[in-house]
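Right, one structure below, let's go through it.
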């Protein structure tokens, strides 16, 4: 027998008039047979299709009323029923609900904290009304890659005249720590001070409590402070006309008071001094310089509406041609405008710089942990639902349709998620302060209770309940009721077991990636800590020098040397390894073409080598008298030698190095062994050391003992402070330990490590919770099987092995998947460092072993309990 | 008395149902019309007309018993109601009266 086109039949069935659907289908089938016999199949198909199409009534509704209308599945009474049943089910399986809920709560809390962090980091200066028009002028060198946040001081002067596209150009000179004296009380404060152009008030949204926005920063010796600083300095907000002494040299008049700035700003200025003052306090300051630039002088501009930064490329080029002149520099260098929205991700004056990579990693980890928690939920719910097969069967038999069952399961998921979300908020509340400290973020509890967080939480909870609840809901509601009632278990159970195992593998994979990452990052960190730097960083205290007049330094050294705890003192520009360096181009003329060497200059006195334990390979040390510019003497390191093309240290002694205009030169008198002049992120630069007392800003003090006791440090510090105060009266004393300063260079990495460790712990905890629940379930399922095995003579050990083996297999699979992923991720991360550890295979083996042990411990409780059970008990009960 | 509105095709369908008596359903009504009138009628047209006649109250219908034929689907059998019968008679009467009023020579001229 022929059948009519199936699609048309389907169309007719679906879109025909419901009242006549049956007989019309029947009639057409009968006619079709008739047509096939009389006019052939082709015409029959055609006629059938045509008739069917004419009979479609897609919008028709049945006119006959149903005697028992099904309730609206989302009506209030049904909703109440769902919640009631869900609550009963949760109460019934308390342990499962607890494991589920706690795991989810941990996951949600993690996601919530990540959200808070990302929200904070992306909210900087978003409140500025002119944010779309504010740009920073940055200097880009073709030779060294990334743009520099600072620029030439002269640019700030000429830009307004040369480029009419700018509405305002505001120079900002930042001084991180400056002494401020209040003459009335004699108190000294060490504060961050900025010198700003008066245009700042048209750039940023400042609210003036007192003073005139236009004139408050236009004259020399004017200072504007924030309200809280007014209270801090003077104890009152009414401070107009009062005096603040800058660095004990220059008196400034308070000309305005600002409302306190937002926390999320890249311009957290509390003491703003008018820009013309800069020349008075620092007579050396070159306000028309084209010779060099630093990060602490930045130029902010306000573009007129309608202009884009690209339009100014030509202008900048014209300015370079007109003022900078040197064609070589113009070729190598250009200026770029960086929008305000990007400034938080590069060096800025807030002292906080967001790392987009770290933020992305954070988001990823948050998502991972949440995923693990959701997997737990899915696994436990489907496992537990096997027990509910009978309930589902009965529900279906008495007329519950699939949709209402789906709603029922989703409600259960939603209820648990809701409770978990509440718990998560409490968890976040408790842990937020410590997280904020760990990440170095100014986050407070108040940040947790905002509408944004609320909206995020509601969204997250909805997504989580859908993610965690959808699979169980569809899976369980879809089974035929007769099966459930007859066999008291789900059909095709095999398939759901494999899926569950797959999900467990995903969980373990994520956990293992995190564990091996944590291990490897820690190895890199301990490599940083223990690396041979080429100098001795132990037991060195560094203090700043407010001035470097030779007589003062002489007295300070003499006083310090009297203390028995102090072994040596060296005055220098910076420590042997420091974050801010002095780079200079040097030239070695040997053959026809001179060799250009970009060199790091270390300036220190004759005690430098001894204090920092730097080894001299050849020649002699510098003397404090080697300062005559006519015959500069320098020490070079091995890298410098290799750039010169000299292999034997002795051969380098006496060579001349040219610099400056090409006629000045310095003579190498000694060669030192390589030591790390930068953090281990970077290579060792070619380095020259010389004695330049003008540039001594720091004293390094080596203590007598390599590992001094707390008391010894205390006495030493007391002595140092006394001598220092005697040498520099009216200044604020501050000190640092060199090893701590060096460790600070790896702050980012330490933070990453802590972050990964914490999330690893949480991920493992959640995964174990899930595993525990799953093991409990398996043990319960196999009670009878174990009973039979025991009766037939199986030993306890063999049964435990049987139960544990399945889970260990999963760990093994996860290890195979996780190892290459972790290896790839970490090798990417290690690219950041010039000096790094190797990724050894045993890390992954260790991770696998660790995970196996953890999994075994989790599972063993349940399997042991199952194995020890009396078979009589388990076999008797039906 | 209310005038019954019957279209030409409606009249044909109604008559056919009456002819087929007890066993009238979609398929044989269609086939009967095709046979008797010799014109090609679509099933959908017949079905729609049957529905309309039922709505007007000239036909009533009930489902037949289940059979193994035609995919196990039941048939809907139609019977003419008394209103339907009256309507048929009325139409016939109007026609007869009109025929009677026609002068015989006119018919002859037309038939030419």
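Using the three backbone atoms N, Cα and C, a Cβ is placed for every residue, glycine included.
Note: TrEMBL annotation is automatic and uncurated.
Remember, it's a predicted structure, so these values are computed and weren't measured experimentally.
Database features (TrEMBL):
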- A:101-317: domain 'MacB-like periplasmic core' (DOMAIN)
- A:364-481: domain 'ABC3 transporter permease C-terminal' (DOMAIN)
- A:761-871: domain 'ABC3 transporter permease C-terminal' (DOMAIN)
- A:95-119: transmembrane segment (TRANSMEM)
- A:358-380: transmembrane segment (TRANSMEM)
- A:405-430: transmembrane segment (TRANSMEM)
- A:450-474: transmembrane segment (TRANSMEM)
- A:502-521: transmembrane segment (TRANSMEM)
- A:761-779: transmembrane segment (TRANSMEM)
- A:807-827: transmembrane segment (TRANSMEM)
- A:839-859: transmembrane segment (TRANSMEM)
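Distant neighbours of the transmembrane segment (A:358-380): 96, 99-100, 103-104, 106-108, 110-111, 113-115, 117-118, 121, 413, 416, 460, 464, 467-469, 471-472, 500, 503-504, 506-507, 510-511, 514, 748, 751-752, 755-756, 759, 762-763, 766-767, 769-770, 773-774, 777; these residues of the same chain sit at least 6 beyond its ends, with a Cβ under 8 Å from one of its Cβ atoms. Model confidence over the domain 'ABC3 transporter permease C-terminal' (A:761-871) is summarised by a mean pLDDT of 85. Counted as Cβ pairs under 8 Å, contacts with the transmembrane segment (A:839-859) are highest for A:502-521 among A:95-119, A:405-430, A:450-474, A:502-521, A:761-779. Touching of the transmembrane segment (A:95-119) and the transmembrane segment (A:807-827) is ruled out by the presence of fewer than three CB pairs under 8 A, sequence neighbours closer than 6 excluded.
Long-range contacts of the transmembrane segment (A:807-827) within its own chain (CB-CB distance under 8 A, at least 6 residues past either end) are made by residues 501, 504-505, 507-513, 516-517, 520-521, 771, 775, 839, 844, 847-848, 851-852, 855-856, 859. Outside the transmembrane segment (A:405-430) by six or more residues, the chain places 73-74, 78-79, 82-83, 85-87, 89-90, 97, 100-102, 104-109, 112-113, 116, 377, 381, 392, 395-396, 445, 448, 457, 460-461, 464-466, 468-470, 472-474, 476-477 with a CB less than 8 A from a CB of the stretch.
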